[in-house]
Amino acid sequence: MTRYIFITGGVVSSLGKGITAASLGTILQARGLSVSMTKLDPYINVDPGTMSPFQHGEVYVTDDGAETDLDLGHYERFVRTTMTRNNNYTTGRIYESVIRKERRGEYLGGTVQVIPHITDEIKRSIQQGADDADIALIEIGGTVGDIESLPFLEAIRQMGAELGRGRCLFMHLTLVPFIGAAGEMKTKPTQHSVKELRSIGIQPDILVCRASQRIPEEERRKIALFTNVEPRAVVSCLDVDNIYKIPEVLHRQGLDNIVAEKLGLELPPASLQDWQRVVEAMQNPEGEVTIAMVGKYVDLTDAYMSLNESLRHAGIQTRHRVNIRYIDSEELEREGTHALDGVDAVLVPGGFGERGVEGKILAARYARERKVPYLGICLGMQVAVIEYARNVAGLEGAHSTEFTRHPHHPVIGLITEWMTDEGTVEQRSEDSDLGGTMRLGAQPCRLTEGSLARQVYGKDVVEERHRHRYEFNNHYLEALEAAGLRFSGWSHDRKLVEVVEQPDHPWFLACQFHPEFTSTPRDGHPLFAAFVRAAIAHRG
């Protein structure tokens, strides 16, 4: 019998509901429960796949090929579970489903309304995402008071009434600001946020109060009094310098005990030794390296959330602090590659569109010529191929058809047909819709014996997640192989190139897939660990 924990937020956005939910999930998992996690996003987009990274941050890709909110990345990194498209629903997706049902006549000619049709669809989606787990944590995006969130809040209010207090609880995340001029913390924003939530019909059982410093006991009692929440259920969550400390912070305050008691669960004690080891490794590094990340979304580092975390995970594995130097690829186009001087490795991540692509090509050339370790991901592989074709293989004018309609040498082109892991053929053209029309999700990749990729992974076949429309053009395979480029990873049908290497380089590897989506703080990822070790060796 699944029990539900609904997590809402108030006062301001970006309080860290996703990390709080994921931290609670990993504590409950450590106490022997199976845990599922779902994010409900109020925006009307069907998914974030076509949203600008500056608007939304990273698009996180699941094993089954869903383009989802970046919070699902936090869920997978904290909780040992695999997310699917059933773990992220948007207003657009909910309405799309309801409208399809109306067109099929499933509502028997009735008037389709927010209540009950939209709220029923939300409840059905929540139950589907729960997947019969012992505990289902449901995060409601946005802030209480937003008009977009109202259908979701109404749906969870109804579920609370239907399930009863023994099977669900409500946890509300708020901000308790410190006013420097007054020298005191202010509880009024939290009081008003809970008042707004109660006006909808939801009484929170637990308050998690974000604060920059310790909340005095007197203020906690005041919050409890005005919000009708038990004093012990007013939990402080102070700012920390490392998000992987949060599970221990919440556990020390007994959040998991409060949850277990309110849901009528008797559980064994939690062991958080894994997280203690993670934090200890990050706080006591044996050295440090600096890695240049050359992209065009560097003003908003959330656009590279999983990459940032993957490099930190590799730092945990190697016991080195990884300093990331963000470099705007357009800056390299304007001012040259001086910004790369002194780095221990270069990473070029994925991206879309022509802006800044020549700067990424310059970064790949810099790494190749100066023997600096290089890791290219998705577009980072494509620019490495373009650079090699132009400057080593002598294919003047080599480019991708994504950026130039008719290049002299289209070494990268649109994938018009490929086979999915289920054996079905996907076809696309330049006129296809942008949303959901890429090669998406986990796909097997066969690695060549004796290659760097095979050495790094330690096996012949790996499975990694993809998100791209363009691929290497196999017509140029022989020419580039003759020039010294090695193609060391292939799709399972050997039609698509997945990994390229430069054998005469100390460490140069580029992949079409996104390994950052499967890296976790406790287990890391072999590709990032090997990349950071190469950076350490280069640093000397």
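Cβ atoms are placed via backbone N, Cα and C, with glycine included.
In the record from Swiss-Prot, residues SER13, LYS186, THR187, LYS188, PRO189, THR190, GLN191 bind UTP; the candidate from LYS222, LYS245 listed for the same site is LYS222.
Record note: Swiss-Prot gives GLY351, LEU379, GLY380, MET381, GLN382, GLU402 as L-glutamine-binding, and the candidate from ARG277, ARG454, ARG465, ARG469 in that site is ARG469. Site annotation (Swiss-Prot, ligand ATP) includes SER14, LEU15, GLY16, LYS17, GLY18, ILE19; from ASP71, ASP120, ASP131, ASP132, the additional listed residue is ASP71. Note: the CA-CA distance between GLN382 (L-glutamine binding site) and LYS188 (UTP binding site) rounds to 53 Å. CYS378 (active site, nucleophile) has its Cα within 10 Å of the Cα of these recorded positions: GLY351, HIS514, taken from LYS186, THR190, GLN191, GLY351, HIS514. For the pair formed by GLU516 (active site) and LYS222 (UTP binding site), distance between Cα atoms is given as 44 Å, rounded to the nearest Å. Among the recorded positions GLU402, GLU516, the residue whose Cβ has the fewest other Cβ atoms within 10 Å is GLU402. Cα distances from LEU379 (L-glutamine binding site) to the binding-site residues SER14, ASP71, GLU139, ILE147, THR187 are smallest for ASP71.
Comparing Cα positions, THR190 (UTP binding site) lies closest to SER14 out of the recorded positions SER14, GLY18, GLU402, HIS514. The distance from the Cα of ARG469 (L-glutamine binding site) to the Cα of GLY16 (ATP binding site) comes to 32 Å. Maximum intra-site Cα distance, UTP binding residues SER13, LYS186, THR187, LYS188, PRO189, THR190, GLN191, LYS222: 23 Å.
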